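Notes for the one structure printed next.
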């Protein structure tokens, strides 16, 4: 592959800029990985990165002042994402993970083209995993309105395997239900039953959890869909892909440097539930988040 | 009153700056009223303003790129509100209505002190109306987490009538349910029953709908609370108060000027549901909303 998988003709692949572009810069393998999301959902990606590449340092940014991204327009999401990338680059990151399906749908191509470090989203990894998992060629995708309307999952899945049929359903209430902590609740059960009925009627055998909040509803979604349906969590696949890219590009952290402040968390608003949520899903102790003024970047 | 009800010692009252401050400026009675909200909820206030002061022109701003405000911090809400006021002033507004309980809770005092035109929120009018309505001296207040945590309604109500007991309950799922159009739905019924049970057990006889989205759930909330409980919609009282202030300050629009573009709507993101929602609740036809970059103000 050799840094050549960036392809103008095929904008759906993982974005690693061409080597000649990147060699103008010196990327430090000991630098942290930048990860961002609209708020807390991206922490499910951080959790996977911590598991799969435990020697890596990370700088996380959650745009809690402007969340949720799900129903906002493409232009707005690109503008917000550019500000965030400018902020993350002030922290000297060696790669950027867009840990948000909506932002990956709208902004990945732009950000990858504009930056000299690898920028990856969660879509391609999730799509590839779903293609590998399906046996009957019928894949369901659930996500925010933004992700579903962008048609990115059907496009990517069909670019990988043209014969596959993709059925999408936006589940806009899932994010607020997760943010309110109603992970195991009769209201969540009812909304899940309603949203997923359509996909069950399409006999999908694989379902992509196309929003980083949704893995937290995995048990509810799994129960409604039935155990014969494979649930794909793009966070897992994204971590694997990033590990492979870093290895290939010789950018894996050797783990021998200063690990003070190994994981740093920044938010645009000190919403009380960010810290609680992060502490509940991440294996770190006493995580602290620092507020920054993202609009100044 | 004569413009003297602005009172540093009593920051809960309506904010009309002192006359000597304002007389440095010439306020045109034919200028529009500026109204803002985090998104669509404030349109319930616009609807009341259209009914009660039909000769007034209005400029509305909905911060759809950064909604919802309900769970965001005081600092962030003040920063956002200042940007919005700067934008509205470029449209030459003669008065500003903060048509959002969360923003009124956090930003009214600051905005009123910083501006030479009248700035009013929705809290005082709603509180006064509730005080007038209660017979047993037990008032319930429902709102976002931000509004409830600010304790603004209890403070204002008790400053008007110290003996009254106020019971609050945050209802964070109500905003997404309204935004998703689930106004008459079993899930909304279930959430309402859960949120309101506590207040029923306190025997409140008056309930303040302390979020501009909530009047759209009036029938559900009324059914759960029972017909003996008076529901107070601060939008109605706010429109009445604004009419009185404009009359007293000789700022009512005589209605004889150019009424082209009488109502203008601006948003920070062209979310598809803004126009649909506005067209469904306002009596204007074919309302159009224009997108602006609020972060530049």
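Even glycines carry a Cβ here, placed using N, Cα and C.
Listed in TrEMBL:
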BINDING   B:37, B:38, B:69, B:70, B:101, B:102, B:212, B:213  substrate binding site
ACT_SITE  B:100  active site, proton donor/acceptor
ACT_SITE  B:211  active site, proton donor/acceptor
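You'll find the Cα of residue B:69 (substrate binding site) roughly 11 Å from the Cα of residue B:211 (active site, proton donor/acceptor).
Under the three-state DSSP scheme, residue B:211 (active site, proton donor/acceptor) falls in the coil class.
In sequence order, B:121, B:122, B:123, B:143, B:144, B:147, B:210, B:211, B:212, B:234 make up the list of same-chain residues 6 or more apart from residue B:101 (substrate binding site) whose Cβ falls under 8 Å from its Cβ.
Each residue contributes its Cα atom, and for residue B:37 (substrate binding site) and residue B:100 (active site, proton donor/acceptor) those atoms are 5 Å apart. When secondary structure is read from DSSP and collapsed to three states, residue B:102 (substrate binding site) falls in the helix class. Taking the centroid of the Cβ atoms of B:37, B:38, B:69, B:70, B:101, B:102, B:212, B:213 as the substrate site, the other same-chain residues with Cβ within 8 Å of it are B:39, B:41, B:42, B:67, B:68, B:100, B:103, B:144, B:147, B:175, B:211.
In three-state terms derived from DSSP, residue B:37 (substrate binding site) belongs to an extended strand segment. Across the structure, residue B:70 (substrate binding site) and residue B:100 (active site, proton donor/acceptor) are spaced 9 Å apart at their Cα atoms. Counting every protein chain shown, 30 other Cβ atoms lie within 10 Å of the Cβ of residue B:38 (substrate binding site).
Residues B:37, B:38, B:69, B:70, B:101, B:102, B:212, B:213, recorded as binding substrate, reach a greatest CA to CA spacing of 12 Å. On its own chain, residue B:213 (substrate binding site) has B:40, B:41, B:44, B:174, B:175, B:178, B:179 as residues at least 6 apart in sequence with a Cβ closer than 8 Å to its own Cβ.
Residue B:100 (active site, proton donor/acceptor) and residue B:38 (substrate binding site) are 7 Å apart (CA-CA, integer value). According to DSSP, residue B:70 (substrate binding site) is assigned to coil rather than to any helix or strand.
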